[in-house]
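Please read the structure below before turning to the comments.
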């Protein structure tokens with residue numbers, strides 16, 4: 001009998017209950033006890049919802065109030081000293097201080113009276129090749145570890161009251177160290193022996209709780225890791241494999257390649273493979289695992305929202321099941337954290353498109369159906385399999401998906417469409433003469449605070465409570481307010497503020513053909529930040545201009561230059577749930593053609609600085625470096641396609657966030673944007689080290705303060721950061737800007753922060 005389980009379930013709640021509870025807690029409207037009660041209710045509901053799915057093991061430890069890597073840091077007692085403001089190291093105050101630089105608003109008052117209420121937030125970066133972000137663990141020569149498993153053990157006890165077959169999930173010790181960053185010249189692998197003692201202690205506590213199986217995630221096995229890290233995995237599991245619990249080593253997000261034999265031969269009880277992305281490794285894994293170990297196959301794609309082809313998957317599994325019998329386990333490919341919770345909440349979605357989709361609940365239902373087909377025979381689920389086959393075939397042939405005229409446009413793309421007339425230095429001189437900007441020009445990344453009034457306005461429009469004319473009037477009032485505020489703050493290049501946009505990708509998807517939208521298909525990006533990605537289901541085109549009206553109006557209000565604000569094709573692709581029936585490259589070029597039309601229309605309307613955000617350029621880099629160049633070739637080509645065709649005096653900007661780009665700097669230079677703004681403040685400008693060896697010819701704005709933290713940046717701190725930047729990049733190429741958009745901040749935070757930023761720029765000009 002094949003056993004069924006999952007690697008993790010979404011934690012935010014089907015109506016984003018966790019987000020709202022967190023924000024109330026941070027705002028002082030909810031006590032710590034009330035927050036913990038809300039969290040417990042969410043966990044309980046998740047477990048109850050899974051009871052009808054015939055799972056053999058129930059997962060615990062997949063829930064987090066902010067981030068599972070941060071949870072692991074607190075579980076093993078690795079807490080930065082700057083965050084230890086509470087006597088209890090594992091307090092929520094300390095936890096949120098690491099996550100966001102501050103816990104609750106009263107700390108702001110403490111800080112203003114000279115107390116240490118604020119601290120620098122932990123660095124945040126992408127979780128492998130997903131749109132989830134984790135708080136980077138910090139290590140130094142003084143790092144020690146101390147187990148504090150109280151919260152996790154309480155969760156285990158709560159789940160055991162519902163079902164005794166409990167499987168805790170933890171991040172493996174080697175992956176945990178790999179994900180972290182040394183803050184000095186120490187070597188983090190030297191910390192492994194002490195860390196393993198804490199893990200061994202934790203596994204012993206699990207055994208005392210009558211736990212049989214523990215899921216231990218080591219996703220670095222899908223990377224090309226150095227030999228010493230392979231050896232670290234071997235030594236780690238030689239020790240941990242001696243515990244009284246059985247270890248299910250889990251990998252996800254791709255193939256193991258050279259690490260496959262290593263993983264299979266570790267002293268573990270079972271191995272989970274991503275069978276969606278690496279089905280070709282199954283036979284070798286069976287051979288390497290021997291006759292005693294469990295093989296868990298991730299057969300349901302946990303990173304997209306398309307229905308699984310149940311018949312095809314069953315046919316793939318039948319010979320494997322015959323060979324392994326009860327040594328075969330089935331699960332989604334990774335944690336379901338990366339997909340929305342329940343498709344049944346969507347009652348306004350196009351019926352045909354909806355029939356092609358599966359969210360987290362539906363994916364577990366698919367898993368259950370496949371398990372029943374294997375264990376009880378196809379006849380037990382024949383009706384469900386027949387319906388699934390009809391849906392798969394309908395999608396394959398739907399005229400909603402396939403548009404021949406768009407496919408023809410992509411086939412006719414030529415290299416010349418991605419070329420500017422003049423080289424960067426010639427364009428730079430032309431643009432400086434035309435734009436007449438000061439040294440260290442100041443700007444923002446695009447969005448300004450989304451107040452409750454703005455959100456209510458958009459909701460009123462959606463509900464039909466106001467007409468189009470009323471909506472436009474209010475948006476223009478918001479734009480006017482935003483322009484006036486920027487003028488008063490003394491910024492050099494302004495933006496219209498994006499009041500009309502609920503999300504930088506969703507906004508464009510709503511105006512492009514080939515997308516559909518949901519009401520409740522939220523996924524967690526980080527902490528309380530949730531996104532609702534559009535569903536890119538068909539060929540993409542632009543029916544009409546999308547931003548020209550708003551940017552033109554903003555420009556009419558000021559003598560200063562206003563940037564047009566667009567989202568780039570690679571980011572739209574990477575931050576959407578994308579069709580899987582054609583190459584990503586083809587879909588990306590369709591989007592690029594649509595954005596190119598918008599760029600040209602903005603220029604015709606008198607907008608001569610146009611920012612095309614590629615915040616997610618790096619996000620879909622293959623996990624194996626040997627495959628990077630193929631991705632970068634078409635990603636850079638897509639950007640160049642949409643960014644060119646304009647006059648050389650028109651200045652093209654782009655923005656990248658959460659990006660460690662040192663290893664792709666040559667590709668970024670090939671984008672040939674006139675100015676790039678990047679997120680560097682949390683890394684203390686360390687990201688700029690690459691420019692010591694690489695002569696980057698274009699303008700660059702290294703973010704001088706962290707917008708993800710509510711802390712107000714200090715003038716001298718920003719001056720210091722820019723001086724560090726000027727050691728690596730010629731001062732005449734530098735811009736001064738925040739590291740990301742200001743949408744999630746409040747005006748009372750934004751105004752003093754930008755005022756200080758402008759003051760820093762003026763001080764730099766005078767120095």
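Using the three backbone atoms N, Cα and C, a Cβ is placed for every residue, glycine included.
Since the structure is predicted, the reported quantities are computational estimates derived from the model, not experimental observations.
Per Swiss-Prot, the features are as follows:
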type: ACT_SITE; residues: 708; note: active site, proton donor
type: BINDING; residues: 126, 529, 530, 575, 619; note: 5-methyltetrahydropteroyltri-L-glutamate binding site
type: BINDING; residues: 445, 446, 447, 498, 613; note: L-methionine binding site
type: BINDING; residues: 445, 446, 447, 498, 613; note: L-homocysteine binding site
type: BINDING; residues: 655, 657, 679, 740; note: Zn(2+) binding site
Surrounding CB atoms that lie within 10 Å of the CB of residue 529 (5-methyltetrahydropteroyltri-L-glutamate binding site), all protein chains: 12
Taking residues 126, 529, 530, 575, 619, which bind 5-methyltetrahydropteroyltri-L-glutamate in the record, the widest Cα spacing (Å, whole number): 18
Cα-Cα distance linking residue 447 (L-methionine binding site) and the residue listed as 'active site, proton donor', given in Å to the nearest integer: 13
Between residue 529 (5-methyltetrahydropteroyltri-L-glutamate binding site) and residue 498 (L-methionine binding site), the C-alpha gap once rounded to whole angstrom: 18
Euclidean distance between Cα atoms of residue 447 (L-methionine binding site) and residue 655 (Zn(2+) binding site), Å: 12
Collapsed DSSP category at residue 679 (Zn(2+) binding site): coil
Surrounding CB atoms that lie within 10 Å of the CB of residue 446 (L-methionine binding site), all protein chains: 25
Same-chain residues at least 6 apart in sequence whose Cβ lies under 8 Å from residue 613 (L-methionine binding site): 445, 446, 504, 565, 566, 567, 568, 571, 654, 655
Distance check against residue 447 (L-methionine binding site) for the binding-site residues 126, 530, 575, 619, 657, 679, keeping those with Cα within 10 Å: none
Other residues, Cβ within 8 Å of 445, 446, 447, 498, 613 Cβ centroid (L-homocysteine site): 444, 495, 504, 565, 611, 655, 741, 743
Spatially closest candidate among 498, 657, 679, 740, the listed binding-site residues, to residue 619 (5-methyltetrahydropteroyltri-L-glutamate binding site) (Cα to Cα): 657
Inter-residue Cα distance where the pair is residue 740 (Zn(2+) binding site) and residue 498 (L-methionine binding site), in Å: 14
Lowest local Cβ density among 126, 655, 708, which the record lists as recorded positions, within 10 Å: 126
Protein Cβ atoms within 10 Å of residue 679 (Zn(2+) binding site), excluding its own: 26
Candidates 498, 619: member of the binding-site residues with the richest Cβ shell (10 Å): 498
Of 445, 530, 657, 740 (the binding-site residues), the residue whose Cβ has the fewest other Cβ atoms within 10 Å: 530
